[in-house]
Amino acid sequence: MSEDKPHQNLAIIGHVDHGKSTLVGRLLFETGSVPEHVIEQHREEAEEKGKGGFEFAYVMDNLAEERERGVTIDIAHQQFDTDKYYFTIVDCPGHRDFVKNMITGASQADNAVLVVAADDGVAPQTREHVFLARTLGINELIIGVNKMDVVDYSEDTYKEVKEQVSNLLKQVRFKSDDATFIPISAFEGDNIAEDSENTPWYDGPNLVEALNDLPEVEPPTDAPLRLPIQDVYTISGIGTVPVGRVETGVLETGANVSFQPSDVGGEVKTVEMHHEEVPRAEPGDNVGFNVRGIGKDDIRRGDVCGPADDPPKVAETFKAQLVVMQHPSVITAGYTPVFHAHTAQVACTIESIDQKLDPKSGEVAEENPDFIKSGDAAVVTVRPQKPLSIEPSGEIPELGSFAVRDMGQTIAAGKVLEVNER
Ligand code: GDP
(Lines of atoms letter the chains of each structure in order from A and count residues from 1; the text may use other names and numbers.)
(Lines give C-alpha, C1' and ligand atoms only; values in the text may rest on other atoms or scores of the structure.)
Protein backbone atom coordinates (compact mmCIF):
# COMPACT_ATOMS: atom_id res chain seq x y z
CA MET A 1 0.00 0.00 0.00
CA SER A 2 1.48 3.32 -1.01
CA GLU A 3 1.28 6.35 1.22
CA ASP A 4 2.66 8.40 -1.67
CA LYS A 5 -0.72 8.49 -3.36
CA PRO A 6 -3.04 11.41 -2.63
CA HIS A 7 -5.04 10.74 0.52
CA GLN A 8 -8.80 10.70 1.09
CA ASN A 9 -10.77 10.35 4.31
CA LEU A 10 -13.85 8.29 3.58
CA ALA A 11 -16.94 7.88 5.76
CA ILE A 12 -19.26 4.91 5.37
CA ILE A 13 -22.73 6.06 6.34
CA GLY A 14 -26.23 4.60 6.33
CA HIS A 15 -28.93 3.00 8.42
CA VAL A 16 -28.05 0.28 10.91
CA ASP A 17 -27.93 -3.21 9.37
CA HIS A 18 -27.87 -1.92 5.81
CA GLY A 19 -24.38 -3.45 5.41
CA LYS A 20 -21.73 -0.85 6.28
CA SER A 21 -19.39 -3.18 8.17
CA THR A 22 -19.80 -5.90 5.59
CA LEU A 23 -18.94 -3.41 2.87
CA VAL A 24 -15.82 -2.24 4.69
CA GLY A 25 -14.68 -5.85 5.11
CA ARG A 26 -15.38 -6.52 1.45
CA LEU A 27 -13.49 -3.40 0.32
CA LEU A 28 -10.46 -4.31 2.43
CA PHE A 29 -10.56 -7.83 1.12
CA GLU A 30 -11.02 -6.99 -2.57
CA THR A 31 -8.33 -4.30 -2.55
CA GLY A 32 -5.86 -6.65 -0.90
CA SER A 33 -5.64 -4.52 2.22
CA VAL A 34 -6.14 -7.21 4.79
CA PRO A 35 -2.62 -8.05 5.94
CA GLU A 36 -1.32 -11.25 4.33
CA HIS A 37 -0.78 -12.96 7.68
CA VAL A 38 -4.41 -12.36 8.64
CA ILE A 39 -5.63 -13.91 5.37
CA GLU A 40 -3.19 -16.77 5.82
CA GLN A 41 -4.46 -17.42 9.32
CA HIS A 42 -8.05 -17.41 8.08
CA ARG A 43 -7.16 -19.68 5.18
CA GLU A 44 -5.66 -22.20 7.57
CA GLU A 45 -8.63 -22.01 9.92
CA ALA A 46 -11.00 -22.35 7.00
CA GLU A 47 -9.16 -25.37 5.65
CA GLU A 48 -9.06 -27.02 9.06
CA LYS A 49 -12.79 -26.64 9.25
CA GLY A 50 -13.16 -27.89 5.69
CA LYS A 51 -14.30 -24.49 4.41
CA GLY A 52 -11.40 -23.65 2.13
CA GLY A 53 -11.83 -20.70 -0.18
CA PHE A 54 -14.07 -18.92 2.23
CA GLU A 55 -11.57 -16.37 3.51
CA PHE A 56 -13.89 -13.40 3.19
CA ALA A 57 -16.33 -14.81 5.70
CA TYR A 58 -13.44 -15.29 8.07
CA VAL A 59 -12.22 -11.73 7.66
CA MET A 60 -15.71 -10.58 8.56
CA ASP A 61 -15.99 -12.93 11.52
CA ASN A 62 -12.69 -11.68 12.74
CA LEU A 63 -13.69 -8.03 12.47
CA ALA A 64 -16.97 -8.75 14.21
CA GLU A 65 -15.32 -10.74 16.97
CA GLU A 66 -12.74 -8.07 17.58
CA ARG A 67 -15.45 -5.49 17.82
CA GLU A 68 -17.27 -7.59 20.38
CA ARG A 69 -14.13 -7.92 22.42
CA GLY A 70 -13.71 -4.17 22.22
CA VAL A 71 -10.31 -4.56 20.62
CA THR A 72 -9.00 -1.43 18.96
CA ILE A 73 -9.10 -2.89 15.46
CA ASP A 74 -12.48 -1.63 14.51
CA ILE A 75 -13.70 -1.00 11.02
CA ALA A 76 -12.91 2.65 11.65
CA HIS A 77 -9.41 3.75 10.70
CA GLN A 78 -8.91 0.88 8.29
CA GLN A 79 -6.99 1.72 5.17
CA PHE A 80 -7.03 0.59 1.58
CA ASP A 81 -5.94 1.95 -1.74
CA THR A 82 -7.11 2.17 -5.32
CA ASP A 83 -4.87 2.92 -8.33
CA LYS A 84 -5.05 6.63 -7.64
CA TYR A 85 -5.79 7.15 -3.95
CA TYR A 86 -4.91 6.03 -0.50
CA PHE A 87 -8.10 5.88 1.62
CA THR A 88 -8.62 5.98 5.36
CA ILE A 89 -12.03 4.99 6.65
CA VAL A 90 -12.45 7.71 9.22
CA ASP A 91 -15.29 6.38 11.24
CA CYS A 92 -18.39 4.38 10.99
CA PRO A 93 -21.85 4.92 12.29
CA GLY A 94 -22.66 2.34 14.91
CA HIS A 95 -19.54 3.48 16.59
CA ARG A 96 -21.01 5.10 19.69
CA ASP A 97 -19.67 8.58 19.08
CA PHE A 98 -19.88 8.57 15.32
CA VAL A 99 -22.27 11.49 15.00
CA LYS A 100 -20.31 13.55 17.46
CA ASN A 101 -17.00 12.63 15.84
CA MET A 102 -18.30 13.46 12.42
CA ILE A 103 -19.43 16.88 13.62
CA THR A 104 -16.46 17.83 15.75
CA GLY A 105 -14.03 16.96 13.02
CA ALA A 106 -12.44 14.12 14.97
CA SER A 107 -13.24 12.17 11.87
CA GLN A 108 -13.69 14.78 9.20
CA ALA A 109 -14.45 12.95 5.98
CA ASP A 110 -13.87 14.34 2.52
CA ASN A 111 -16.32 12.03 0.79
CA ALA A 112 -18.74 9.32 1.82
CA VAL A 113 -20.28 6.08 0.69
CA LEU A 114 -23.95 5.90 1.64
CA VAL A 115 -25.13 2.32 2.03
CA VAL A 116 -28.84 1.74 1.43
CA ALA A 117 -30.22 -1.79 1.59
CA ALA A 118 -32.27 -2.58 -1.52
CA ASP A 119 -34.81 -4.52 0.53
CA ASP A 120 -35.40 -1.66 2.97
CA GLY A 121 -34.83 1.60 1.08
CA VAL A 122 -34.47 4.99 2.75
CA ALA A 123 -34.67 4.55 6.56
CA PRO A 124 -34.43 7.05 9.46
CA GLN A 125 -30.64 6.99 9.80
CA THR A 126 -30.30 7.26 6.03
CA ARG A 127 -31.98 10.64 6.38
CA GLU A 128 -30.01 11.68 9.43
CA HIS A 129 -26.64 10.80 7.90
CA VAL A 130 -27.39 12.42 4.55
CA PHE A 131 -28.47 15.53 6.39
CA LEU A 132 -25.27 15.61 8.44
CA ALA A 133 -23.14 14.89 5.38
CA ARG A 134 -24.61 17.90 3.69
CA THR A 135 -24.42 20.20 6.76
CA LEU A 136 -20.83 19.24 7.44
CA GLY A 137 -19.58 19.70 3.93
CA ILE A 138 -19.03 16.20 2.57
CA ASN A 139 -18.10 16.83 -1.05
CA GLU A 140 -19.29 13.79 -2.91
CA LEU A 141 -21.58 10.92 -2.13
CA ILE A 142 -21.38 7.48 -3.69
CA ILE A 143 -24.56 5.51 -3.05
CA GLY A 144 -24.23 1.75 -2.80
CA VAL A 145 -27.66 0.19 -3.20
CA ASN A 146 -26.72 -2.89 -1.20
CA LYS A 147 -28.08 -6.40 -0.71
CA MET A 148 -28.99 -6.65 -4.40
CA ASP A 149 -28.73 -10.43 -3.97
CA VAL A 150 -31.68 -10.31 -1.57
CA VAL A 151 -33.91 -8.71 -4.22
CA ASP A 152 -32.73 -11.07 -6.99
CA TYR A 153 -30.73 -8.27 -8.63
CA SER A 154 -33.98 -6.63 -9.69
CA GLU A 155 -33.47 -3.52 -11.82
CA ASP A 156 -36.93 -2.25 -10.82
CA THR A 157 -36.10 -2.41 -7.11
CA TYR A 158 -32.78 -0.67 -7.75
CA LYS A 159 -34.56 2.11 -9.65
CA GLU A 160 -37.12 2.53 -6.87
CA VAL A 161 -34.43 2.90 -4.21
CA LYS A 162 -32.44 5.22 -6.46
CA GLU A 163 -35.54 7.38 -6.86
CA GLN A 164 -36.12 7.49 -3.07
CA VAL A 165 -32.54 8.49 -2.37
CA SER A 166 -32.53 11.09 -5.17
CA ASN A 167 -35.61 12.66 -3.64
CA LEU A 168 -33.96 12.75 -0.24
CA LEU A 169 -30.86 14.41 -1.72
CA LYS A 170 -33.07 17.02 -3.38
CA GLN A 171 -34.92 17.65 -0.12
CA VAL A 172 -31.77 18.41 1.79
CA ARG A 173 -30.40 20.25 -1.25
CA PHE A 174 -27.41 18.02 -1.75
CA LYS A 175 -26.35 18.61 -5.34
CA SER A 176 -27.72 15.32 -6.63
CA ASP A 177 -25.61 15.58 -9.81
CA ASP A 178 -22.72 14.78 -7.49
CA ALA A 179 -24.06 11.39 -6.52
CA THR A 180 -23.06 8.12 -8.18
CA PHE A 181 -25.45 5.19 -7.67
CA ILE A 182 -24.20 1.60 -7.84
CA PRO A 183 -26.14 -1.65 -7.31
CA ILE A 184 -23.95 -3.81 -5.05
CA SER A 185 -23.90 -6.81 -2.80
CA ALA A 186 -21.29 -6.38 -0.09
CA PHE A 187 -21.89 -9.94 0.97
CA GLU A 188 -21.55 -11.56 -2.46
CA GLY A 189 -19.05 -9.06 -3.82
CA ASP A 190 -21.11 -7.76 -6.77
CA ASN A 191 -19.87 -4.53 -8.41
CA ILE A 192 -17.29 -3.94 -5.70
CA ALA A 193 -13.94 -4.38 -7.46
CA GLU A 194 -15.30 -6.14 -10.55
CA ASP A 195 -18.35 -5.58 -12.72
CA SER A 196 -21.01 -8.12 -11.81
CA GLU A 197 -22.64 -10.48 -14.27
CA ASN A 198 -25.73 -10.39 -12.08
CA THR A 199 -26.54 -6.79 -13.09
CA PRO A 200 -26.28 -6.81 -16.91
CA TRP A 201 -28.68 -3.82 -16.96
CA TYR A 202 -26.16 -1.62 -15.12
CA ASP A 203 -23.33 -0.05 -17.11
CA GLY A 204 -21.86 2.46 -14.63
CA PRO A 205 -18.65 2.10 -12.63
CA ASN A 206 -18.13 -0.49 -9.91
CA LEU A 207 -17.45 0.82 -6.39
CA VAL A 208 -13.65 0.74 -6.58
CA GLU A 209 -13.76 2.58 -9.95
CA ALA A 210 -16.12 5.19 -8.49
CA LEU A 211 -13.81 5.71 -5.51
CA ASN A 212 -10.89 6.01 -7.87
CA ASP A 213 -12.79 8.65 -9.89
CA LEU A 214 -13.43 10.94 -6.89
CA PRO A 215 -11.99 14.42 -7.38
CA GLU A 216 -8.74 15.11 -5.60
CA VAL A 217 -9.01 16.86 -2.22
CA GLU A 218 -6.98 20.02 -1.84
CA PRO A 219 -5.58 20.13 1.70
CA PRO A 220 -6.28 23.51 3.38
CA THR A 221 -2.57 24.34 3.52
CA ASP A 222 -3.01 28.04 2.67
CA ALA A 223 -5.39 28.75 5.57
CA PRO A 224 -3.90 29.97 8.86
CA LEU A 225 -2.59 27.24 11.17
CA ARG A 226 -5.24 25.70 13.43
CA LEU A 227 -4.18 22.75 15.54
CA PRO A 228 -6.64 21.71 18.28
CA ILE A 229 -4.81 20.19 21.24
CA GLN A 230 -5.82 16.64 22.06
CA ASP A 231 -3.52 16.00 25.01
CA VAL A 232 -0.50 17.46 26.75
CA TYR A 233 2.38 15.22 27.82
CA THR A 234 5.61 15.71 29.69
CA ILE A 235 8.42 13.75 28.05
CA SER A 236 11.79 13.54 29.73
CA GLY A 237 14.56 15.13 27.74
CA ILE A 238 12.09 17.16 25.68
CA GLY A 239 9.68 18.82 28.10
CA THR A 240 6.06 19.68 27.49
CA VAL A 241 4.63 18.04 24.36
CA PRO A 242 1.15 19.02 23.18
CA VAL A 243 -0.26 16.59 20.63
CA GLY A 244 -3.03 16.97 18.10
CA ARG A 245 -3.89 16.99 14.43
CA VAL A 246 -3.14 19.90 12.13
CA GLU A 247 -6.57 20.87 10.75
CA THR A 248 -5.50 23.78 8.58
CA GLY A 249 -2.28 25.56 7.66
CA VAL A 250 1.25 24.47 8.38
CA LEU A 251 3.16 23.95 11.64
CA GLU A 252 6.86 24.71 11.25
CA THR A 253 9.84 24.75 13.55
CA GLY A 254 10.93 28.30 14.30
CA ALA A 255 7.39 29.70 13.95
CA ASN A 256 5.84 31.81 16.68
CA VAL A 257 2.60 30.27 17.87
CA SER A 258 -0.20 31.13 20.26
CA PHE A 259 -2.49 28.79 22.22
CA GLN A 260 -6.07 29.99 22.73
CA PRO A 261 -8.02 30.40 24.95
CA SER A 262 -5.13 29.75 27.39
CA ASP A 263 -3.45 32.78 25.83
CA VAL A 264 0.18 31.68 25.98
CA GLY A 265 2.70 31.30 23.19
CA GLY A 266 6.26 30.89 22.07
CA GLU A 267 8.58 29.56 19.40
CA VAL A 268 8.16 26.03 18.03
CA LYS A 269 11.35 24.12 18.85
CA THR A 270 10.64 20.65 17.47
CA VAL A 271 7.86 18.86 15.61
CA GLU A 272 7.52 15.10 15.69
CA MET A 273 5.44 12.79 13.57
CA HIS A 274 5.46 8.99 13.87
CA HIS A 275 8.36 9.32 16.36
CA GLU A 276 10.51 11.19 13.88
CA GLU A 277 11.47 14.81 13.88
CA VAL A 278 10.11 16.72 10.89
CA PRO A 279 10.60 20.36 9.81
CA ARG A 280 6.89 20.91 9.09
CA ALA A 281 3.49 19.31 9.40
CA GLU A 282 0.46 19.79 7.18
CA PRO A 283 -3.32 19.33 7.38
CA GLY A 284 -4.18 15.80 8.46
CA ASP A 285 -0.84 15.20 10.17
CA ASN A 286 -0.93 14.01 13.78
CA VAL A 287 1.95 15.63 15.61
CA GLY A 288 3.61 16.09 18.95
CA PHE A 289 5.59 19.30 19.28
CA ASN A 290 7.47 21.39 21.76
CA VAL A 291 7.21 25.13 22.29
CA ARG A 292 9.84 27.18 24.08
CA GLY A 293 8.73 28.35 27.52
CA ILE A 294 5.42 26.44 27.64
CA GLY A 295 4.86 24.24 30.72
CA LYS A 296 2.42 21.37 31.18
CA ASP A 297 -0.04 23.48 33.18
CA ASP A 298 -0.04 26.41 30.74
CA ILE A 299 -2.14 24.67 28.10
CA ARG A 300 -4.83 21.99 27.95
CA ARG A 301 -7.01 19.83 25.75
CA GLY A 302 -9.41 22.06 23.86
CA ASP A 303 -6.87 24.82 23.28
CA VAL A 304 -6.15 25.63 19.65
CA CYS A 305 -2.66 26.44 18.44
CA GLY A 306 -2.31 29.04 15.68
CA PRO A 307 0.15 31.67 14.43
CA ALA A 308 0.97 34.39 16.99
CA ASP A 309 0.06 37.04 14.41
CA ASP A 310 -3.29 35.40 13.47
CA PRO A 311 -4.30 33.62 16.67
CA PRO A 312 -7.35 31.36 17.04
CA LYS A 313 -10.48 33.37 17.90
CA VAL A 314 -11.97 33.17 21.39
CA ALA A 315 -15.72 33.73 21.52
CA GLU A 316 -17.54 35.94 24.00
CA THR A 317 -20.65 34.87 22.11
CA PHE A 318 -21.23 33.39 18.68
CA LYS A 319 -24.08 33.15 16.23
CA ALA A 320 -24.74 29.69 14.87
CA GLN A 321 -27.09 27.80 12.64
CA LEU A 322 -28.15 24.56 14.23
CA VAL A 323 -30.41 21.63 13.61
CA VAL A 324 -32.15 19.84 16.46
CA MET A 325 -31.72 16.12 15.83
CA GLN A 326 -33.39 14.66 18.87
CA HIS A 327 -34.64 16.30 22.03
CA PRO A 328 -37.31 14.87 24.31
CA SER A 329 -39.05 18.23 24.79
CA VAL A 330 -38.36 21.72 23.54
CA ILE A 331 -35.32 23.99 23.57
CA THR A 332 -35.81 27.50 24.87
CA ALA A 333 -33.48 30.45 25.57
CA GLY A 334 -31.39 29.78 28.67
CA TYR A 335 -30.80 26.10 27.88
CA THR A 336 -27.17 25.21 28.72
CA PRO A 337 -26.00 21.89 27.25
CA VAL A 338 -22.40 20.90 26.47
CA PHE A 339 -21.02 21.97 23.11
CA HIS A 340 -18.35 19.78 21.52
CA ALA A 341 -16.20 21.60 19.00
CA HIS A 342 -12.88 20.14 17.75
CA THR A 343 -11.27 18.83 20.97
CA ALA A 344 -13.10 21.23 23.31
CA GLN A 345 -16.14 20.48 25.47
CA VAL A 346 -17.68 23.56 27.02
CA ALA A 347 -21.08 24.23 28.59
CA CYS A 348 -22.73 26.96 26.54
CA THR A 349 -25.98 28.83 27.06
CA ILE A 350 -28.32 29.32 24.14
CA GLU A 351 -28.91 32.96 24.94
CA SER A 352 -31.50 33.66 22.29
CA ILE A 353 -33.27 31.84 19.49
CA ASP A 354 -33.15 34.45 16.79
CA GLN A 355 -34.79 32.82 13.80
CA LYS A 356 -36.43 29.56 12.94
CA LEU A 357 -35.55 28.36 9.45
CA ASP A 358 -37.48 26.31 6.98
CA PRO A 359 -35.44 23.09 6.99
CA LYS A 360 -35.99 22.55 3.28
CA SER A 361 -35.36 25.97 1.78
CA GLY A 362 -33.20 27.38 4.59
CA GLU A 363 -35.28 30.57 4.50
CA VAL A 364 -36.45 32.38 7.64
CA ALA A 365 -39.78 30.93 8.78
CA GLU A 366 -40.19 32.82 12.09
CA GLU A 367 -38.37 35.64 13.93
CA ASN A 368 -37.62 35.15 17.66
CA PRO A 369 -39.56 31.93 18.19
CA ASP A 370 -40.27 30.92 21.81
CA PHE A 371 -38.82 27.45 21.33
CA ILE A 372 -37.42 24.92 18.87
CA LYS A 373 -37.87 21.16 18.84
CA SER A 374 -36.64 18.02 17.09
CA GLY A 375 -36.37 18.50 13.33
CA ASP A 376 -36.18 22.30 13.56
CA ALA A 377 -33.37 24.40 12.15
CA ALA A 378 -32.60 27.77 13.72
CA VAL A 379 -30.17 30.64 14.07
CA VAL A 380 -29.20 31.06 17.72
CA THR A 381 -26.87 33.20 19.82
CA VAL A 382 -24.63 31.17 22.10
CA ARG A 383 -22.60 32.20 25.16
CA PRO A 384 -19.84 29.81 26.25
CA GLN A 385 -19.68 29.48 30.05
CA LYS A 386 -15.89 29.09 29.84
CA PRO A 387 -13.57 30.47 27.18
CA LEU A 388 -13.93 28.59 23.89
CA SER A 389 -11.89 28.95 20.73
CA ILE A 390 -14.06 28.56 17.64
CA GLU A 391 -14.09 30.01 14.12
CA PRO A 392 -16.75 31.13 11.65
CA SER A 393 -17.35 28.18 9.32
CA GLY A 394 -17.26 30.57 6.36
CA GLU A 395 -13.61 31.36 7.19
CA ILE A 396 -12.24 28.10 8.62
CA PRO A 397 -14.87 25.35 8.15
CA GLU A 398 -12.64 22.78 9.88
CA LEU A 399 -13.00 24.71 13.16
CA GLY A 400 -16.50 26.02 12.60
CA SER A 401 -18.85 23.17 13.45
CA PHE A 402 -20.07 21.70 16.71
CA ALA A 403 -22.23 19.02 18.25
CA VAL A 404 -24.58 19.73 21.15
CA ARG A 405 -24.76 16.93 23.70
CA ASP A 406 -27.05 16.40 26.62
CA MET A 407 -28.18 13.31 28.52
CA GLY A 408 -25.54 11.22 26.75
CA GLN A 409 -26.90 11.97 23.30
CA THR A 410 -26.11 14.25 20.41
CA ILE A 411 -29.17 16.43 20.36
CA ALA A 412 -28.16 19.02 17.81
CA ALA A 413 -25.46 19.89 15.31
CA GLY A 414 -24.49 23.15 13.77
CA LYS A 415 -22.04 25.55 12.25
CA VAL A 416 -20.78 28.92 13.40
CA LEU A 417 -21.91 31.95 11.40
CA GLU A 418 -20.20 34.76 13.33
CA VAL A 419 -17.84 35.03 16.28
CA ASN A 420 -18.09 37.99 18.65
CA GLU A 421 -14.57 37.90 20.07
CA ARG A 422 -13.66 38.49 23.70
P1 GDP B 1 -24.20 -2.29 9.45
O2 GDP B 1 -24.99 -2.23 10.71
O3 GDP B 1 -24.68 -1.28 8.45
O4 GDP B 1 -22.70 -2.23 9.63
O5 GDP B 1 -24.55 -3.70 8.77
P6 GDP B 1 -23.72 -5.05 8.73
O7 GDP B 1 -22.58 -4.95 7.79
O8 GDP B 1 -23.44 -5.48 10.12
O9 GDP B 1 -24.79 -6.02 8.05
C10 GDP B 1 -26.03 -6.33 8.66
C11 GDP B 1 -26.49 -7.69 8.18
O12 GDP B 1 -26.76 -7.67 6.78
C13 GDP B 1 -25.47 -8.79 8.40
O14 GDP B 1 -26.15 -9.96 8.78
C15 GDP B 1 -24.83 -8.96 7.04
O16 GDP B 1 -24.33 -10.26 6.82
C17 GDP B 1 -25.98 -8.66 6.11
N18 GDP B 1 -25.54 -8.12 4.83
C19 GDP B 1 -24.73 -7.07 4.61
N20 GDP B 1 -24.56 -6.86 3.29
C21 GDP B 1 -25.28 -7.82 2.66
C22 GDP B 1 -25.50 -8.14 1.28
O23 GDP B 1 -24.99 -7.51 0.35
N24 GDP B 1 -26.32 -9.20 1.03
C25 GDP B 1 -26.90 -9.94 2.02
N26 GDP B 1 -27.67 -10.96 1.68
N27 GDP B 1 -26.70 -9.66 3.32
C28 GDP B 1 -25.91 -8.62 3.63
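Placement of Cβ uses the backbone N, Cα and C atoms for every residue, glycine included.
According to TrEMBL, the feature domain 'Tr-type G' maps to 5-221.
DSSP assigns Ser21 (Mg(2+) binding site) to a helix in the three-state reduction. Positions annotated as GTP binding site by TrEMBL: 14-21, 91-95, 146-149.
All protein chains considered, the CB of Ser21 (Mg(2+) binding site) has 20 other CB atoms within 10 Å. Summarising the annotation, TrEMBL assigns Mg(2+) binding site to Ser21.
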**OP:** Based on DSSP, name the secondary structure state of Gly14 (GTP binding site): helix, strand or coil.
**Re:** strand
Original post:
ligand 1 is in the model; which of the binding-site residues Asp17, Ser21, Met148 have a C-beta less than 6 angstroms from one of its atoms?
Top reply: Asp17, Ser21
**OP:** List the Cα distance (Å, whole number) between Ser21 (Mg(2+) binding site) and Met148 (GTP binding site).
**Re:** 16
Original post:
Which number gives the other C-beta atoms within 10 angstroms of the C-beta of Met148 (GTP binding site), all protein chains shown included?
Top reply: 30
